[in-house]
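Some features that TrEMBL has for this protein:
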type     : residues : note
COMPBIAS : 7-16     : compositional bias 'Basic and acidic residues'
REGION   : 1-28     : region 'Disordered'
TRANSMEM : 57-78    : transmembrane segment
TRANSMEM : 90-108   : transmembrane segment
TRANSMEM : 129-157  : transmembrane segment
TRANSMEM : 177-197  : transmembrane segment
TRANSMEM : 209-231  : transmembrane segment
TRANSMEM : 251-273  : transmembrane segment
Amino acid sequence: MSEDTDRETAVRDAVDRSQSGAPAGGRTIRDRFSADEIFQRIIVAADHEITSSKRELLASALAAGFAITITFLLYASLYASTGGDPVLSALLYPLGFVFIILGDYQLYTENTLPPVALTLERIASLPALCRIWGLVLFGNLVGGALGALALASTGVLSPEAVTAAEGFAEKAIETPWWTLFAKAVFAGLIVAGVVWVDYSLRDSVSRLLLVYLSFLAIPFGNLYHVVVSATEMLFLVYNGELGLMVGTTQFVLPVLLGNSIGGVVLVTVVNYFQTTESRLEAIREGGTTLQLTVREWVLGPFSDSGRSYVPVNDDH
């Protein structure tokens, strides 16, 4: 009987922790993860992300930019067909984000937030974090720009939908800079919350509901996401109704800053500091605490050692 119990315990321990070290089930309650366990899962995901090649990051970011075009297309179309009804017009707004998160594409403020956890732990340097953010944001904007160009030049949108699509950016341009920034901060909080809760879930149905309901809050709350905003702005530019510099500085820039600050603040203040000092022991062999020096953390590849990253696993 004792041998069977020991075997069952060993099997459970093997199931509860994947090869990478991330917990697959909660230690106290199997269906619920503690804050430390969620953090460990985020660290392992970020570890994979930060070691991805530039080509992989850029291709995934482009795909996410194209997916955002679907959100823009459906939002404009439904807005026109429902007479601007604030509820009905937004019902398919989250679809692009569903594709992105369930498809594991790289979207700025979403899949780029987990590496912040590595940086806070001095596992990854600030230059390494900026590398991921820069590549992903660039790919997202290029994908959104190509999608906006296709919508502006192919007649996919009806005349009524074109008017609605142009109205999105025009309304934002008329909004004060700091109001846009504040709205974007709250959108960043929502996205960061999605990231955190997403790593506490283990099935696709729950993730689908999480993504749908969370991103539905953006149009309902009249908030702004930077990649959607850039796509809306570029659509107006392509139609000759707005200058690129004006749209960038008066619309996209405050949204970019607000999303970034809102997301990082939630990860840093709310989630990171609610975890314990032992949050990484389970994914570092022997509970070691290897970290970058302060100089390496700040300078990364430009430091004397040239080291900008400490692998969480021995696989890298």
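Don't overthink the numbers, they just go from 1 along the chain as shown.
Backbone N, Cα and C atoms are what each Cβ position is placed from, and that goes for glycine too.
All annotation found in TrEMBL is predicted automatically rather than curated by experts.
From a predicted model like this one, the values you see are computed outputs, not experimental measurements.
Non-local neighbours of the transmembrane segment (209-231) in the same chain are 64-65, 68-69, 71-72, 75, 86-87, 89-91, 93-94, 97-98, 101-102, 107-109, 137, 140-141, 144-145, 147-148, 169, 172, 180, 183-184, 186-187, 190-191, 193-194, 197-198, 201, 251-252, 255-256, 258-259; each lies 6+ residues outside the stretch with a CB under 8 Å from one of its CB atoms. For the transmembrane segment (177-197), same-chain residues at least 6 beyond its ends with a Cβ under 8 Å from one of its own Cβ atoms are 38, 42, 101, 109-111, 113-114, 210-211, 214-215, 217-218, 221-226, 250-251, 254-267, 271. Packing against the transmembrane segment (129-157) from elsewhere in the chain are residues 49-50, 54, 57-69, 72-73, 76-77, 106-108, 111-112, 115-116, 118-119, 165, 226-228, 230-232, 234-235, 238-239, 256: each is 6 or more residues past its ends and has a CB under 8 Å from a CB in it.
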